[in-house]
Amino acid sequence: MYVVTAEEMRRLDRETIERLGIPAVALMENAGRAIAEEIIKLCRSRSGSAGSPRGDAGTEAAGTAGAGGGEGIKPPGFTVSGDNALALGGADAGHWLVLAGKGNNGGDGLAAARYLREAGIAVTLVYAAAPESLAGEAALQRDAAAALGLPAVVYGRDRVDFAACSGIVDALLGTGSAGAPRGAYAELIAAANSSGKPIVSADIPSGLDADTGQAHEPCIHAAVTVCLAFLKRGLLQYPGAGNAGQVVVRSIGIPAALAREGGVPVSLLTPEVLRTRLQVDVSRRRSPEGHKGTYGHVLLAAGSLSMSGAGLLAARAALRAGCGLVTWALPAMLLPHVIGAAPELMLAAAGGENGTWSAGTAAEVLRLSTGRDVTAVGPGLGRFADDQEWLRALWEGIAAPMVIDADALNILADSDYSSWTSRCHPVILTPHPGEMARLAGISTAEVQRDRIGLALAYAREHGVTLVLKGAHTVVATPEGEAYVNITGHPGMGTGGAGDVLTGIIAGLLAQGLNAAQAAAFGVYLHGLAGERAARQRHDPSALIAGDIIEAL
Ligand SMILES: NC(=O)C1=CN([C@@H]2O[C@H](COP(=O)(O)OP(=O)(O)OC[C@H]3O[C@@H](n4cnc5c(N)ncnc54)[C@H](OP(=O)(O)O)[C@@H]3O)[C@@H](O)[C@H]2O)[C@@H](O)CC1
Ligand SMILES: [K+]
């Protein structure tokens, strides 16, 4: 599923209209119908009649009963059914307010109003601006609604009774909005939010930045957002994602092929995207002739006296991700204490004195990396004297993919690593927002302002695969593509969960997945395992990182 910016959406709109010759008003009709169908679904689910409605026209012709067939076998009959998607199926019809802006988002709402009326739902149009100010297709929808006799009021001139309505359609602002809602728009948004009535937003909640997910003041709090044609970036990024409620993406006649040909770079990370765009074998088939050597060998340089657990978690996660062997290199002093902690692991003493790392250990890590399929560095590493020289030696010397996490990212942030010899093998960086802020030299708030945009830019500029962790982790590739993950659970906000992800990604790289595949599939599996682990706990806040490994 493609994820677009407002600008990309406008381009795809234009191409559909100009290249394919589909009139803009046809797209708007489809949009209006899709919004109405989702409102009807909501009405049905709220009144408990969620089953497939038969519609008034749904009837089985007489004359079939008893004809032929034995007990329990229904004879073939002549059936007629109506437009079920637009049938209330016994649900309470109610009365909806349709808040319409003067742009095409308003036009979508006006089209939806006609379909709602057709379904038997009473509607009142509430214009945010004088109806005469509507132009183009929106004006056409205004006239169609008027011709059908739909009641309409103008905000500021007429009274709007929010208390009496059963729901609100938010068609005030869409992808054409700029900045915080002004004037009547702001007042209508505030009134809709404080009404306590369910709000269904057309395309995006009004007040949301469609690209960054920034929620302006005020911004609609929707129960459902009917996103048109393609998912907008702002609906995946917080805080906007929290304003959108349940997001339903509905096609309106703009072909996905246009997005593919047009090189839309961002996709939602779904099993289908993993299979098709990333070519990942999501079934994780094992060869009947396979042995431990078939599935690769991870070297992990991680752990120090106060954070040995981070190394252990990453190492165990790599094994659970399916790699054949893991060697964990750690400070010599710690080694006797972790023997037996995970008997499947191989251990190698590589650290300095006192359970900490030292710059001099780079040679030993380099030696251990020879013949290994991947090296992961960072979990529980700590900082030490000349650590930038240490990491530079690994960066320039390890002839296999690398995963760089935790303190190794902080070392990188303090280094001018663009001046280091460029690597022939891929690097995956796995920062959380704080680490990303240090890497990019900006504040954490700036990182969170547009995670997708930042991840895309950083990965491309630095030639790395970037995993920007957090709610809706973003995986960006050096080629300029990005994947947004929605698996996961808030319970995963616990120490060590990131170390587990590093281990999973390293374990997948060892099995021969390329950097984009391993990062994307790793993030996806990590989230799924977190969801599973959360379900297994009595209270998901009790979830700890080890549970995620066990749920893999
Ligand atoms: N074209 C098509 O075929 C399709 C279009 N589609 C639909 O169109 C939507 C995009 O429509 P759009 O481009 O007309 O912009 P839209 O979001 O309605 O707002 C523009 C209006 O808002 C105003 N305004 C702006 N900012 C404001 C603010 N802060 N506070 C207050 N007012 C503000 C601005 O007024 P101005 O500032 O120019 O005076 C202008 O009048 C898209 O989201 C989707 O729903 C889809 O169905 C696909 C097919
Ligand atoms: K809207």
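Note that Cβ sites are derived from N, Cα and C of the backbone, with glycine treated the same way.
For the K(+) site, TrEMBL lists Asn105, Asp170; matching the candidates Ser81, Ser133, Ser195, Ser206 against that entry yields Ser206. Of the residues proposed, Gly441, Gly498, Gly503, the one TrEMBL records at the same AMP site as Lys469, Gly470, Ala471, His472, Thr473 is Gly498.
Taking Cα separation as the measure, Gly107 ((6S)-NADPHX binding site) is nearest to Ser206 of the binding-site residues Ser206, Gly470, Ala471, His472.
Sequence-distant neighbours of Asn104 ((6S)-NADPHX binding site): residues of the same chain at least 6 apart with a C-beta under 8 Å from its C-beta are Ala24, Met28, Gly136, Glu137, Ala138, Gly174, Gly176. For the recorded AMP site, residues Lys469, Gly470, Ala471, His472, Thr473, Gly498 set the reference point as the centre of their Cβ atoms, and the other residues of that chain within 8 Å of it by Cβ are His432, Pro433, Leu468, Val474, Asn485, Gly488. Sorting the binding-site residues Gly470, Gly498 by the number of other Cβ atoms within 10 Å puts Gly498 first. Here the C-alpha separation of Ala178 ((6S)-NADPHX binding site) and Ser206 (K(+) binding site) works out to 11 Å. Candidate binding-site residues: Ala178, Ala471. Fewest other C-beta atoms within 10 angstroms, Ala178. For the binding site of AMP, formed by Lys469, Gly470, Ala471, His472, Thr473, Gly498 according to the record, the largest Cα to Cα distance is 14 Å, rounded to a whole number.
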